[in-house]
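One structure below.
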């Protein structure tokens with residue numbers, strides 16, 4: 001376990017104590033029939049456990065953890081972004097909540113093109129014009145339907161953390177320092193994230209404006225964000241630049257309850273997110289196609305396994321670029337894309353002796369990229385409720401714009417649309433007409449919150465940040481556990497790989513098997529080393545009630561147990 005100094009606020013209706021103390025970032029917990037929370041920050045995980053101890057369930061913990069992440073993990077935790085929640089209740093009911101951001105009423109297909117028709121990715125990725133209508137707060141209130149405690153209680157830990165302050169980690173300090181110029185460029189007034197001296201681990205971050213915003217939500221409910229003072233502050237922030245979100249846009253935002261995407265994989269039922277997240281479809285396609293070659297006969301990172309998985313990834317991502325978008329605006333082709341007839345035909349071009357030419361894999365050139373700065377929470381409570389929720393601002397600190405007087409970052413989610421078919425987005429993904437910009441439309445996502453069931457009981461809760469690398473990370477986590485029989489720790493922490501059809505290379509983390517790379521290069525594959533891929537949070541439960549919860553070693557992610 002890794003220890004760092006934190007200001008810890010253990011609170012309920014009042015602050016019980018507020019002092020520096022050793023705080024453990026717990027990476028793995030093994031327990032029996034207890035509730036566990038895994039998130040991107042130890043204080044957020046602890047906030048979830050606090051409400052569990054107060055009589056809450058997994059849904060209560062999800063809300064409390066999310067609000068706490070908006071305070072202690074500002075790079076991706078948010079109230080100014082959006083996300084998706086997948087859950088399975090103890091009675092077997094499956095839930096999928098879509099609180100993805102939407103395009104403002106004034107948004108239009110060519111809004112990021114200049115007079116010559118050239119796309120400006122700077123406008124879609126930075127500043128006020130990049131902002132989609134936030135969905136997170138509405139999503140948390142939709143989740144409240146399944147919770148046991150009132151919102152006033154669930155939001156209180158976040159309020160106290162914002163108001164009293166907490167010690168930042170080394171990783172957060174480094175990222176804040178990297179973004180100082182961007183913060184200064186895109187904010188008209190002073191913000192708490194900018195200071196004269198470099199940030200360092202242990203510095204106390206106090207966010208008074210954010211605390212007041214959270215108090216308005218606590219007092220007025222959803223209207224405390226989408227109407228009234230906070231909404232006015234958001235619109236005023238839009239007017240400081242070229243933003244287009246209006247009071248009417250905020251007031252009209254609606255959460256969507258979707259039918260969860262479910263499919264079978266080797267004795268498990270997988271429950272994941274449907275469109276407008278591409279994640280569930282991609283995961284299903286990759287698992288189904290790779291099953292044609294029976295991955296269980298190979299080992300983790302063997303040349304054969306990697307080639308099979310890469311070719312499944314390439315075909316799935318080509319389909320993403322061509323067919324996927326907001327199902328309320330396009331024809332939903334999920335049934336066709338997951339049919340055995342279609343997938344078997346897609347797989348006929350697979351050849352173990354060589355890489356399939358990209359032109360044979362898909363038709364669209366230059367898929368759009370998607371940012372990797374997302375955050376995920378996995379929760380399993382002792383009653384058997386499982387919650388998997390992924391939220392995002394898109395890029396690190398989203399648009400880099402903080403709402404003056406409200407204290408939170410706004411997303412840059414508009415970049416997840418195809419700002420011009422064929423022009424890559426922040427994550428290099430290319431998109432087509434299905435994901436073109438339109439007012440009121442939800443942008444395509446890769447978020448893949450997922451739950452695996454066996455005999456109708458949750459046996460795995462899993463998810464990760466990572467933009468377009470999310471589905472491939474979840475794909476690998478499931479295969480590593482189900483096919484390669486790896487422990488959950490190894491399943492998420494061993495070096496990963498990723499292919500998204502275009503660009504034409506296999507991205508690998510440092511220390512990925514050199515022998516496998518050499519073997520596949522001889523078959524025509526191109527490799528490119530990159531930084532970390534995803535930060536997966538996983539919980540496994542066996543038939544005897546034994547639980548293993550693991551937080552990814554790539555970040556400050558932490559497990560907390562009731």
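Don't overthink the numbers, they just go from 1 along the chain as shown.
Backbone N, Cα and C atoms are what each Cβ position is placed from, and that goes for glycine too.
TrEMBL labels come from automatic prediction, so no person has curated them.
The feature active site, nucleophile is assigned by TrEMBL to 374. Under the heading L-glutamate binding site, TrEMBL lists 100, 392, 393, 394, 416, 445, 446, 467.
Where TrEMBL records a feature, it is marked here on the structure.
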residue : record                   : DSSP class
100     : L-glutamate binding site : coil
374     : active site, nucleophile : strand
392     : L-glutamate binding site : strand
416     : L-glutamate binding site : helix
445     : L-glutamate binding site : strand
467     : L-glutamate binding site : helix
| remark: With the residue listed as 'active site, nucleophile' as reference and a Cα-Cα limit of 10 Å, the qualifying binding-site residues from 100, 416, 445 are none
| remark: Students should find that the Cβ of residue 416 (L-glutamate binding site) has, within 10 Å, a number of other Cβ atoms equal to 32
| Span of 100, 392, 393, 394, 416, 445, 446, 467 around L-glutamate - largest C-alpha separation, Å | 14
| To which of the binding-site residues 445, 467 does the lowest count of other Cβ atoms within 10 Å belong? | 467
